């Protein structure tokens, strides 16, 4: 029989999993997500992507500020769920919540654990130059992404991929993986494996202060830094435009031939020298403007060879 599930998630990454579980006949007893936040020009309250998806499913939506009260625990238990599925919820579950569903709580995590436990695994895998990443379903325990692993899928990370590309691919893969995991749980055949104690790394939350591009680094590291932060918060540099430094977010680039002083524009196509090698910018964004190709940008704002990027 299909499982009765509580789903807990917040961003767009979690939506495919919620929809897939519902499409496969599981009973979504309740959807927990974060509270609406003001956004946009009018700063109107906007519900999370998961809340909007839950409304389409006509599933009850709950946005508790905390799960650490007796009332929150009683409300959670009242759903009488067989299991909970957690995907980027954004709130730590206390042990009492983890213990509430008869079959446990299962998390979809966007890395190949134990590498990149924590808040920003997709970004950190790209920025570190990893050749691959993936998604894993684990049975949650009280630790930070330390639970026993049930299933995993891997993907290659190419130099052309931004965090958006990785995000979208893993969100789709993860939805299928969780459906398979819940089917195995339903049959009583979900196999769990303890995580290795070797190779543990932590994916710290992205800080806007680390977004500035350091062209003294090798070209591959500059590229991965840019792609690991695209589109948000966006890796940035300053270009001299009409005698003034203007902050530009670089959204996409490629490794290019050529050498020069780090930060030097070495041709007419916005190729910028790095500590070793060079990158060619292919997509960028000025403050308050829509993203554009480098070609579109250069038509309106020529950048001469020899200019230094800050």
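Placement of Cβ uses the backbone N, Cα and C atoms for every residue, glycine included.
Lifted from Swiss-Prot, the feature list:
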type	residues	note
BINDING	111, 112, 113, 114	(6S)-5,6,7,8-tetrahydrofolate binding site
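Annotation for residue 112 ((6S)-5,6,7,8-tetrahydrofolate binding site): same-chain Cβ neighbours under 8 Å, separated by at least 6 residues, are 132, 133, 134, 136, 152, 154.
Long-range neighbours of residue 114 ((6S)-5,6,7,8-tetrahydrofolate binding site) (same chain, six or more residues apart, CB within less than 8 Å of its CB): 145, 146, 195, 196, 197, 198, 199, 200, 201. Counting only same-chain residues six or more apart in sequence, the Cβ atoms lying under 8 angstroms from the Cβ of residue 111 ((6S)-5,6,7,8-tetrahydrofolate binding site) belong to 117, 121, 122, 125, 133, 134, 135, 136, 203. In sequence order, 109, 115, 116, 117, 121, 134, 136, 145, 195, 199 are the same-chain residues whose CB sits within 8 A of the CB centroid of 111, 112, 113, 114, the residues recorded for (6S)-5,6,7,8-tetrahydrofolate being left out.
In sequence order, 136, 138, 145, 149, 195 are the residues near residue 113 ((6S)-5,6,7,8-tetrahydrofolate binding site), counting only same-chain partners six or more apart with C-beta under 8 A.
Classification of residue 114 ((6S)-5,6,7,8-tetrahydrofolate binding site) by DSSP places it in coil, neither helical nor stranded.
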